[in-house]
Amino acid sequence: MERPILSMEGISKEFPGVKALEDVDFELYPGEIHALMGENGAGKSTLMKILSGVYAPTQGIIRLKGQEVVFRNPLDAQHQGVSIIHQEFNLFPNLSAAENIYIDRLEVVGRFGRIQWSRLYSEAQKLVDSIGGRGIDVRKEVRHLGVHSQQVIEIAKALSFQADVLIMDEPSAALPENEVQKMFDVVKRLKEQGVAIVYVSHRMKEIFEIADKVTVLRDGKKIATHKIEEVTEQSLIQMMVGKEVAQLYPVRIVEPREEIVLQVKQLSLDSAHAISFNLKKGEILGLFGIPGSGSHTVAERLFGLVKGTGAIEINGVQVQINTPNEAKAKKIAYVPPDRHRQGIIKPMSIRQNLAMPILPELSTGLILDQERIKKMSSSYMEQLHIKAPNDLQSVDFLSGGNQQKVVIGKWLAAEPEILILEEPTRGVDVGAKAEIYNIIHQLALKGLSILLISSEMPEVIGLSDRILVLHKGEIVHEFGRGEADQEQLLKRASNPRTRGGDVI
Amino acid sequence: MKRLLNVHEAPIILFTVLIGILFTIISPEFLQLDNAKLILEQNTSSAIVAIGMTMVILLGGIDLSVGSVLALTATSVGLFLSHGMSPWLASLLGVGIGILCGMFNGYFIAVLNIPDIIVTLASMYIFRGLAVGISGGTWMTNFPPGFQFFGQGQVLGISFPLIVTVILIIGFIFLLKFTRFGRRIYAIGGNKAAAKLAGVSIPRTKFMVYVFSGMLVGIAAVIFASKVGSVQASTAGSNLSFEVMAAVLIGGGSIFGGTGTIAGTAVGILLMGIIKNGLVIAKVSPFWVDATTGFLIILAIAINTLQYVRQNKRKGGELI
């Protein structure tokens, strides 16, 4: 039997307060495509970051071709033969494709440190051609290349280091449908050349089409490694999901709801896709999709962050929403997915953050009414159980959960009718999660209509009255409350046209 | 030919030619050989400073201190000369002072990671203050005849400073295009994270850029002092930073870094020189020269931006 090119043995990784990986073994053979699967937070990316030299493991060793190795940084890992292609490409938009491949490398530097441009171009073109990138002009600046071509350049860059192991993180997420097949061709060619490929993806269909083996992680532990013939979609999902969800969620009794608050008709997500749905008064509507499904775009469209076509009706009246200000005026609020970058203003106090969206309403003439701001702020501090000595504390010093409550609070202060929540509990500990879920539940009871967009299946299932499943810009299924479990949800979201899947 | 039309700088070259034609129509003296020579010779100092500024802006940086560095260097050279030092040695020491100033900026910006706009804003005052301090507030003047060569001398009938400028421009074009150092500058300006992953040392590259920039300002200061024949520490090079930055941007440089060339900057300097000279020849009231110059700068940059937008219709979030 052949020897593995790479083996990771007993890998553990601890971050302060969290055990991200526990005693994980992982083996990789030359010329195999090995899928790595698991839910968000299962430890996939931590494992790959260790393999590519971003993190050092707390425990465990890595052997490459039988030799124990230590990767000091990503560049070091590359030089030793392990390259990673991130979901977000790491390219220089202002430089030619060829230079992107060979940037800062001695291979193309001649005498007296002179860069040999003609050799650089011809080597790069040869490399790109060899992986099926014929037709890509390597002299072109990367910003003028399409997404697939950019990915080919990333792959070429990785291979230019004589990579034995290539890690691909969600490689199809950035690609339009018609180019995924082209990417597969490239990957299969690499496999024939003996490169070992780790293929990280959520998409079942792709895994069964391209992978030879699959390893499943859950909660930082390795569950199993199987040959692809030995597993079914069903069994994979079972492995990924594990046991039932604990009782984190408030008990919701769904009464029949009639009054439609938001009606979306043919709302365009990109040039090819548009969706229609409605949201009723007091309803929590879940929207679930894997990366690349377009669920984030739905929020951006409704809040006027990106423009497009389609009709939006609020309480039966057609409205135009082209800017966040217009969305605000129509009583829509949006809690964005990235708290740190989009949600809070760190150096400012809780009070100032809460007042932010409604400064005009809190003013008398041109002057801010400090008394009213103070009153408003302390009322939300209390209502949302924001834990801080007082509301003059800067939000920088709050825990993730309390920061998230501030973000929710500032939009509640705007008294919306429709609240869009995107990843409302990302990076929040379990205790705060339960609190936030309860807040969401209470808000809906008071008549607020909530659109919950999340990549965490348990929370979508636990909170939503209805769940819309989004797949590549289309709503492929609708679940009522209690109809969905994680298996079915993941199945619909990753490959809607499977056995018995009646597509709507 | 096709390559010529594809040149990045094409629109701005065209614009420069157009402005030239405009001035010729207004006043035929503009096109005289003597006047052309004058324009070239008048702008050698700023052209040399602009080489360094191009590299700084390519990194996505900014340098407000070049005018003060020029003043400090020129004043020092004046002092050295007044103590009877030989012109060559004085000039060489002057360039050395420029390099020291560059190291000062580079240390705070690259090593201590303080934003360049803060560091150079501070060093703008520091260097200017030092210059005024060591000069005692008086004019540096009465340079020895041997010193005149650097700013006014001729070799084979061609102005010496012009030769120096052309050599430096060609040298740095080569440096940026054909060495790893040069390409690192573009890489950092284009995508800092990717540059780091590719093993590029960002602090080292940044530091070297500021050192080169300081050296170039030093050379420019020697030429400036020699050409003008006197230096007043409090005013020398007072608008230089902004003029030179404008030239880089006119020449196609992006304030966000990553895009721009020294050739483009040279055209930018030339355009600014032509505008100033042309307005004088066209007898535009000197009171209106600044406003007109500013307006033409906006126009030139608008042309570049339009070209950029046209080429880059996709949502270039990462570029900005």
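Any Cβ shown, glycine's included, is placed from N, Cα and C.
Annotated features, as they stand in TrEMBL:
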TRANSMEM  B:12-31  transmembrane segment
TRANSMEM  B:43-62  transmembrane segment
TRANSMEM  B:88-110  transmembrane segment
TRANSMEM  B:117-135  transmembrane segment
TRANSMEM  B:155-176  transmembrane segment
TRANSMEM  B:207-226  transmembrane segment
TRANSMEM  B:246-275  transmembrane segment
TRANSMEM  B:287-309  transmembrane segment
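Between the transmembrane segment (B:246-275) and the stretches B:12-31, B:88-110, B:117-135, B:155-176, B:207-226, it is B:12-31 that has the most C-beta pairs under 8 angstroms. Here the transmembrane segment (B:88-110) does not touch the transmembrane segment (B:287-309). Their Cβ atoms form fewer than 3 pairs under 8 Å, with each pair 6 or more residues apart. Taking every listed stretch (B:43-62, B:207-226, B:287-309) in turn, the largest tally of C-beta pairs under 8 A with the transmembrane segment (B:155-176) is reached by B:43-62. Residues of the same chain lying 6 or more positions beyond the ends of the transmembrane segment (B:117-135) and with a Cβ under 8 Å from any Cβ of it are 62-65, 67-69, 71-72, 74-76, 78-79, 101, 104-105, 108-109, 231-234, 236, 241.
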